[in-house]
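Structure, as structure tokens:
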Amino acid sequence: MAKKKEFRQAEVNIGMVGHVDHGKTTLTKALTGIWTDTHSEELRRGITIKIGFADAEIRKCPSCGRYSTSPICPYCGHETEFERRVSFIDAPGHEALMTTMLAGASLMDGAVLVIAANEGVMPQTREHLMALQIVGNKNIVIALNKIELVDREKVIERYQEIKEFVKGTVAENAPIIPISALHGANVDVLLAAIEEFIPTPEHDPNKPPKMLVLRSFDVNKPGTKPEKLVGGVIGGSIVQGKLKVGDEIEIRPGVPYEEHGRIKYEPITTEIVSLQAGGRFVEEAYPGGLVGVGTKLDPYLTKGDLMAGNVVGKPGQLPPVWDELRLEVHLLERVVGTEEELKVEPIKRREVLLLNVGTARTMGLVTGLGKDEIELKLQIPICAEVGDRVAISRQVGSRWRLIGYGFIRE
């Protein structure tokens, strides 16, 4: 008799990153069967996520030793064995969506950098690799995709080109796997590389829970009767600890309110009434994958992503909220993502910079300059730990461009 299939939550988040149209979404579909531009943008009941999430089980065939995401080996027909469940995060590759990609990068435990064989290394390839470097992500596999569009000599040429491109970066020793996502060619080799080079991070379930919020929603349909209304839903990824149905939670920095003509933020507490992970309702949720948290909050507070960038945890156990920051700054030599090579000029006093911290983004006005240090006044406060990494972007022309990173100091 067949055993009842036990549901497992994803245990690792793997980013699909790279230049627009290099095949990230097609590759995610080849690995998971889910087209993330529509399906995973819906966490059931119409919850939309701008960054696509899709879960898959990585399985290994005990007979031929090849990897797949199918219960039956597509290569020899034997039953496969479960290795682990992973969540693929499909990040936008368009230059205008770089800050969205950075929010997703903060949740990635590893990444597949997708480079199309017909185009090679492009501006957003560089930008996404630098984003991974800035958020401190070292577990990288490179997929040289669309090999069906070029001849063998071109594939070898691209391979050498990529080797040169990653020298001196976090991806210097990353394996480069030639694949065709469209035809499923070499996908088993890519999965084997993911298993070898992107380990599941160790999480202590007894640490205070912390979840970074990516989206938030009002799931009530227009015209719902008052007695049928359900509370606001928060979507994000747990980075430590665990959350349970019935837990009291605090959300920081919380909700904005006006006082003496100034906008201030107030933390809010509520109760978890439901949890979704991998599209299923669960009693407990752990780090890995996207988690939907149903709350008792007024849905007015959560509609249209109003809660994005917040941090969720147990009352009194969350990091501090900052409306001013002191950063130890590391500037890049060149601006990342532009067609032409531009030198990164020093940061100036009174300059406005865009800061990404976890899933939060805020503008910061530079109020003080020191040696390798800056002080900023923030437009929107952030909840973060001392020592947290901050991605720093500057407006270059009409776009925000990565120019460096910093660490929060006391």
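We number each residue from 1, going along the chain as drawn.
Using the three backbone atoms N, Cα and C, a Cβ is placed for every residue, glycine included.
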Of 5-8, 57-60, 145-148, 261-264, the range Swiss-Prot labels region 'G4': 145-148
Name the residue range among 18-25, 202-209 that Swiss-Prot annotates as region 'G1'. 18-25
Between the ranges 11-15, 46-50, 116-120, 171-175, Swiss-Prot assigns region 'G2' to 46-50
Out of 90-93, 150-153, 250-253, 386-389, let me know the one Swiss-Prot marks region 'G3'. 90-93
Cβ neighbour count within 10 Å of CYS64 (Zn(2+) binding site): 13
Between CYS61, CYS76, LEU182, which of the binding-site residues has the fewest other CB atoms within 10 angstroms in the structure shown? CYS76
With H, G and I counted as helix, E and B as strand and the rest as coil, say where DSSP puts SER180 (GTP binding site). strand
Tell me the Cβ neighbour count for CYS73 (Zn(2+) binding site), meaning other Cβ atoms within 10 Å of its Cβ, over all protein chains shown. 22
Other Cβ atoms within 10 Å is the metric here; tell me which of the binding-site residues THR25, ASN145 scores highest. ASN145
Do me a favour and check the Cα-Cα span between CYS61 (Zn(2+) binding site) and SER180 (GTP binding site); whole Å is fine. 21
If you run the three-state DSSP split on CYS61 (Zn(2+) binding site), which class comes out? coil
